[in-house]
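First up is the structure itself, then whatever we jot down about it.
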């Protein structure tokens, strides 16, 4: 993975072709007259109204005079000035407390976590209870039919990473899909062995303080008594690909009991799932992995063409290991290693730690400059290239690759290959292989009164996973077999899939998850992580850089326009709320930009932060999320 430095060092004399900047809406290019992102925003900006002007002035007054009074610690802590961007009008709620904070992607589930803390539970108890709730409510993201990762830091300073990522069944093989991506995404063959319940029990046995059954009771009641339909869930079930939910007997009884989808605020019920959770609460994970729940799941998956067996379920195990560590701005950074993507995050932080991101012309206020944003994007491209050699270390001895990604010398080498004047095509970044895009996911962050911290990232992969809902148990099964690479498929850039991530029995696919904890002067300062599949790593990097390098509040670090680049395709993705100066600046460097509409958010962050003895929580409004604290 050596780097050729000549192309970057000689770029000053190069003639740079200015790439056009395109705007897409979802998967569709906007105008047929090839209007650039810059011209589109210019046209939009040229039609101001008196109402808009009034609202902007009112918002400015509110932010400058009212918000600091309401929350002075959060507004001024480590903040030098304020970003310029268009308020997208969504709910932006920062919570604060002294005893505990829980940030999830659904307000009810955040409140359940705080309820557990109030009942004497700790951060691990709260994370498990909130995670169970998210899987039942936002069932398009996660659930007990999936898996994930949990990062825990004890108040005494010890930390553990729990890997309960799903595993490939014993009957799986690298050629099992024969190049048919549909088989890996929908139906029985797409289902990997679920790990979430095993992971929760292992964390609870290590650190939990409340009885096991207490962690399930709030969600059991919620699913029996009915949960008002949240905005995000109502939006997801109405996507065209799920229109059949209205007529399918297993799905319609939950989301369309009268033949039409429930509206926001109308109650939905999941009694079958409530009964399943009751059994797990009473009898423990054994009933899920070796008892009647396992029998039902195995029978159902096999009826749908899958290869899951009782032996696969019984043999699932959780991997408990040391996290990986880095340093950034005098903070200790803790995250999880492969098959997480923590190595890529540490690489990005190492690269940017020695870069003056205030160099250049200010484009978003403060010290956020054109050259600074360009360096952030270029670093993301190098991170993505580094991810192509990561995989389940149980099956692939990638110690040399991991050590290289974590080394400061490699970060120096990359820094020398980032030009202040231009971007490059994908060959410059030395990616060795293609990698599949993972999807979906949920993340939650918790800090309790004793400063125990937990970051939990869980997933069933694509929305509603394999789209298999086992009717007797109410469990929605994952499609994480799609996160493996399959041989014989060369991507549009001529790269073959990574052999390190090929399917093998018992193997766990590579993931983009990066639950992360930052420690300052021996105490947890921040816990964060994200959802959004392959865009998680860059979203976490983006948030940390804004908070520490650009001195932003927690609020603006999470809510301001987010940047993403995964090398392939060679496109910068940005929230459409970005100001026009940013597009002009990126066009100057040769970047191609895809503006992401507000209604199609591509990554979401849940973060909690401690400063001056006060805890703050913020759940990303891109997913209609709200945190809770007390």
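Every residue, even glycine, has its Cβ placed from backbone N, Cα and C.
On a predicted model such as this, the values are computed, not experimentally measured, just so you know.
What Swiss-Prot lists as active site, nucleophile is 441, and the listing cites similarity to another entry. Mapped onto three states, the DSSP output places residue 441 (active site, nucleophile) in coil. Counting Cβ atoms from all protein chains shown, residue 441 (active site, nucleophile) has 27 others lying within 10 Å of its own Cβ.
Under the three-state DSSP scheme, residue 533 (L-glutamate binding site) falls in the helix class. All protein chains considered, the CB of residue 533 (L-glutamate binding site) has 23 other CB atoms within 10 Å. Under the heading L-glutamate binding site, Swiss-Prot lists 165, 459, 461, 483, 511, 512, 532, 533.
Take the CB of residue 156 (N-linked glycosylation site) and look out to 10 A: across all protein chains shown you find 9 other CB atoms. DSSP assigns residue 156 (N-linked glycosylation site) to coil in the three-state reduction, placing it in neither a helix nor a strand. Taken from Swiss-Prot, the feature N-linked glycosylation site covers 156 (among others).
Classification of residue 180 (N-linked glycosylation site) by DSSP places it in coil, neither helical nor stranded. As annotated by Swiss-Prot, N-linked glycosylation site applies to 180 (among others).
Swiss-Prot lists 315 (among others) with the feature N-linked glycosylation site, giving sequence analysis as the kind of evidence. With a cut-off of 8 Å between CB atoms and residues at least 6 apart in sequence, the same chain places 170, 193, 506 near residue 315 (N-linked glycosylation site), listed in sequence order.
Under the DSSP three-state reduction, residue 397 (N-linked glycosylation site) is assigned to coil, being neither helix nor strand. Positions annotated as N-linked glycosylation site by Swiss-Prot, on the basis of sequence analysis: 397 (among others).
Here Swiss-Prot flags 417 (among others) as N-linked glycosylation site. The secondary structure of residue 417 (N-linked glycosylation site), as reduced to three states from DSSP, is coil rather than helix or strand. Using a 10 Å Cβ-Cβ cutoff, residue 417 (N-linked glycosylation site) registers 22 neighbours.
According to Swiss-Prot, the N-linked glycosylation site annotation covers 612 (among others).
Over the topological domain 'Lumenal' (71-630) the predicted model carries a mean pLDDT of 92. Residues annotated as topological domain 'Lumenal' in Swiss-Prot: 71-630.
Residue 483 (L-glutamate binding site) sits 13 Å from residue 441 (active site, nucleophile), counting Cα to Cα.
Distance from the CA of residue 612 (N-linked glycosylation site) to the CA of residue 165 (L-glutamate binding site) is 36 Å. Each residue contributes its Cα atom, and for residue 512 (L-glutamate binding site) and residue 156 (N-linked glycosylation site) these two points are 29 Å apart. Ranking the recorded positions 180, 397, 533 by Cα distance from residue 441 (active site, nucleophile) puts 533 first. Ranking the binding-site residues 459, 461, 511, 532, 533 by the distance of their Cα atoms from the Cα of residue 397 (N-linked glycosylation site) places 511 first. Of the residues the record lists as binding L-glutamate, namely 165, 459, 461, 483, 511, 512, 532, 533, the two whose Cα atoms sit farthest apart are 16 Å from each other.
Among the glycosylation sites listed (156, 180, 417, 612), 180 has its Cα nearest to the Cα of residue 533 (L-glutamate binding site). For residue 612 (N-linked glycosylation site), the nearest of the binding-site residues by C-alpha distance turns out to be 532; the candidates were 459, 461, 511, 532.
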